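Take a look at the structure set out below.
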Amino acid sequence: MAAPEGSGLGEDARLDQETAQWLRWDKNSLTLEAVKRLIAEGNKEELRKCFGARMEFGTAGLRAAMGPGISRMNDLTIIQTTQGFCRYLEKQFSDLKQKGIVISFDARAHPSSGGSSRRFARLAATTFISQGIPVYLFSDITPTPFVPFTVSHLKLCAGIMITASHNPKQDNGYKVYWDNGAQIISPHDKGISQAIEENLEPWPQAWDDSLIDSSPLLHNPSASINNDYFEDLKKYCFHRSVNRETKVKFVHTSVHGVGHSFVQSAFKAFDLVPPEAVPEQKDPDPEFPTVKYPNPEEGKGVLTLSFALADKTKARIVLANDPDADRLAVAEKQDSGEWRVFSGNELGALLGWWLFTSWKEKNQDRSALKDTYMLSSTVSSKILRAIALKEGFHFEETLTGFKWMGNRAKQLIDQGKTVLFAFEEAIGYMCCPFVLDKDGVSAAVISAELASFLATKNLSLSQQLKAIYVEYGYHITKASYFICHDQETIKKLFENLRNYDGKNNYPKACGKFEISAIRDLTTGYDDSQPDKKAVLPTSKSSQMITFTFANGGVATMRTSGTEPKIKYYAELCAPPGNSDPEQLKKELNELVSAIEEHFFQPQKYNLQPKAD
């Protein structure tokens, strides 16, 4: 075994090897010069940041800061990733050269490294076309859901979306879809990752993206897909006459992202007057100048300009998409003059109720219920389960993330079942199963029709949400996170929970709250199952433990796949008829405080709480 100082040398030697290779292969003058400069300055610290480890290709693809080096998103790492993905697809699909793939992109850009989503998309297209594979490359920015829609609609082998969704401005990402129109799940991520490692040296034509413009293999699907998407969306318009007459006014923000024109078109498809757009945020801007984080999930801070415009135009409802328009936040002005931002779970309850109610009106035959499904992820509210139990349709829970819901929805559809709706608490909604992923464009217009319909009954969204809780039982939720940049600390925290009451003994209580069941999807343990084995798939690479409490509370602690966060989700579910939400809220707050104090132990592990 090498001496400790030898390991330092080993790292330096590896760094030298990586940078030398980079200088041979990189043809982007900005990133190439940046690396040369760091070498000349002997800036080992910065070089380690850029070359420390290759970005890991997971089921969510890639997501990292743009800049030079194998740890970052740039021209060379995009070429390398795409070469690996291309070789993997060639192995998986014998008809790849007949069917082809789709590629689209958002509006992100990083001038200092010459990187942008559009450029990355063109380089990815160049890689596939150089191998004789047809590429449907959008000529302009689109929402992320347009990629899975195109895969399904044109029956392609795969899709790539270049986006970092609602991440900070310096980031970008590479998200992939399989031929079933859903995000990839394991083992494809491992296979792609291995293929990338085997195809690192750029192929002869990799850098020359000018070649693709004259290639017969390049197709621009923009016009036809735009048309077909909105034609399909029209099938989910249930009250066209109400929409034409409605007096409800809407404000929309695309938070400097891609959503503006698509949401305008969606409203027109539903015969709704298009929403008033927040002028400072409607056009794509990779600098995101008006917000600290371009994420509507962060709540009121992102919506300040929307509220100001809504107050000015007397609009009662604000619709906010994240920058790649796959998520949606909704806020409603209350009689008190305050704005209420609905949580992802609350909007999930409203949309689930609405899509079931609308479906039921068109399908009077009760026997159809046995083939009708709704899905949500294991960290989302169980409100759909409560509605399903009472109404007679099926509810299924999946692991966290739309990759699981999209793949499960496709399985059910292939079995002849109807999937009405799927959602996750992180403001992601699949209202129309022609897109097997979250879609903020369809969710925005369906929310607008719901609000317009309720207005004819003199009801607000808030009043209808209360009616849902009264009928099906209150579901009170609370979610937040702690920030932790150290993987070892995160591991220690979760290992402490697994050995809380002595070796291999999980906690029996959290403060005064007794625990009745524990499911650990990192290890595959579930003590509510007869064989103590979890039914849902397990993953050793991520931490996730769910505690069920004797008082009807459920809390999940898990790591984030894309951010340095340990998240928690807690919910109290009451049976129908329990109409004291304030008491439930008080109890839930006490439970959350106990979890933070006893299970997170922020002082011990030096965790930073979420900033208000």
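Quick reminder: no glycine exception, Cβ is built from N, Cα and C everywhere.
Fair warning: this is a prediction, and the values are worked out from it, not measured in the lab.
For the Mg(2+) site, Swiss-Prot lists Asp322, Asp324, Asp326; matching the candidates Ser139, Ser152, Ser165, Ser480 against that entry yields Ser165. Binding of alpha-D-glucose 1,6-bisphosphate is attributed by Swiss-Prot to Arg63, Ser165, Asp326, Arg327, Thr400, Lys438, and within the candidate set Glu45, Glu46, Glu424 the record adds Glu424 to that site. Secondary structure at Ser165 (alpha-D-glucose 1,6-bisphosphate binding site), as computed by DSSP, is coil.
Comparing the binding-site residues Asp326, Glu424 on other C-beta atoms within 10 angstroms of each C-beta gives the minimum for Glu424. Over all protein chains present, the Cβ of Thr400 (alpha-D-glucose 1,6-bisphosphate binding site) has 24 other Cβ atoms lying within 10 Å. Whole-number maximum of the Cα to Cα distances across the alpha-D-glucose 1,6-bisphosphate-binding residues Arg63, Ser165, Asp326, Arg327, Thr400, Glu424, Lys438: 20 angstrom. In the three-state DSSP assignment, the secondary structure recorded for Thr400 (alpha-D-glucose 1,6-bisphosphate binding site) is coil. Each of the binding-site residues Arg63, Ser165, Arg327 was assessed for Cβ neighbours inside 10 Å, and the highest tally belongs to Arg327. Taking Cβ-Cβ distances under 8 Å and a sequence separation of 6 or more, the neighbours of Lys438 (alpha-D-glucose 1,6-bisphosphate binding site) in its chain are Pro145, Asp326, Arg327, Phe402, Phe423, Glu424, Gly428, Tyr429, Met430.
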